[in-house]
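Read the structure below first, then the notes.
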Amino acid sequence: MDAADIVASVLVLGIIVVSLLSNVVVLICFLYNPEIRKQVPGLFILNLTFCNLLLSVSNMPLTLIGLITTGHPGGSGFCQIVGFLDTFLTTNSMLSMAALSIDRWVAVVFPLSYHSRIRHRDAVIALGYTWIHSLCFSTVATCCSWFGYHHLYASCTLCNGRAKGAGTQFIVFTVALHSLTFLLTLIVLCVTYLKVLKVARFHCKRIDVITMQTLVLLVDIHPSVRQKCLDEQKRRRQRATKKISTFIGTFVVCFTPYVITRIVELFSPGPISPHWGVLSKCLAYSKAASDPFVYSLLRHQYRKTCSLLANKVLKRSPLNSSSIRTENNTGRGNNNAADNIQPPTNKPLGQ
């Protein structure tokens, strides 16, 4: 192992630890908090958490072993199974993110009809599509024996070296896979979240107008209080932009290098640096570690649930459904206009 492989191994190990811990915490919060379980977006988050956990215990350790041993981590049949999981889980997680963004868009743009437009049955249908979509691509690649150990990424995944004699078919399949997963999800994320941002800015602007009118009327208000109100207006506008940038930015940063490398690999006449290939794969893995924070753990409900769980472990207070429900109801009333750009909740915004 050279220095680059050691750094990559440490990076993969860190991603595995963070991904396992954070996704397990999300799963525990889902199981303990009845309010989270009642929410339609909770089904999408549960599916995303399941994909991330399975990816963390199946594919990531094999990549770590491949980096350490600089060789094939298992037999051909075993690598076929791991490669199947790699394609299935990655595709499923991307489509789950797209479903979450659509749910958020409906909640913000159609707040009064959200409950009639997005129901648990609709969420189950959407999840059924994500599973069928993912299974189709994974099954086709398995039947064509296109999964194998790829030294460029030090992992069991789609391998063009196993597609000899079917070069054109493999190229068409790979381009279709990334177009109908990565590109489709990116388009959905951009369209939905940018519309959400537009609505959020409109509401922030209305609040700003009311605030300014109030400040004009209060001629005797202290200058420090006036400045505090103006600063809060600025923070409110920035908060909405930061949240949208986080949703789209993490997806682009984590998946774009890997997808571009896969496409360039199909047409490049020269070899690609294995260090870059491993780095792009690590970035793709890092999405599984960042998703719990982006979509769940930074939300009020999950923070309160984690606090209650910590109190129970430390014997500070009992954890029960009524206390969780009380905390949720209390926190729900504290949201402001800019906080409407949260990862999806069952409560429509704008009411």
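Including glycine, each Cβ sits where the backbone N, Cα and C put it.
Where the annotation comes from TrEMBL, it is an automatic prediction and has not been curated.
Quick look at what TrEMBL annotates:
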| type | residues | note |
| --- | --- | --- |
| TRANSMEM | 6-32 | transmembrane segment |
| DOMAIN | 22-295 | domain 'G-protein coupled receptors family 1 profile' |
| TRANSMEM | 44-68 | transmembrane segment |
| TRANSMEM | 94-114 | transmembrane segment |
| TRANSMEM | 126-149 | transmembrane segment |
| TRANSMEM | 169-196 | transmembrane segment |
| TRANSMEM | 244-264 | transmembrane segment |
| REGION | 320-351 | region 'Disordered' |
| COMPBIAS | 325-340 | compositional bias 'Low complexity' |
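The largest share of C-beta pairs under 8 angstroms with the transmembrane segment (169-196) comes from 94-114, of the ranges 6-32, 44-68, 94-114, 126-149, 244-264. Counted over residue pairs 6 or more apart, the CB atoms of the transmembrane segment (44-68) and the transmembrane segment (126-149) come under 8 Å in at least three pairs, which marks the two as touching.
Mean predicted confidence for the domain 'G-protein coupled receptors family 1 profile' (22-295): the pLDDT average there is 86.
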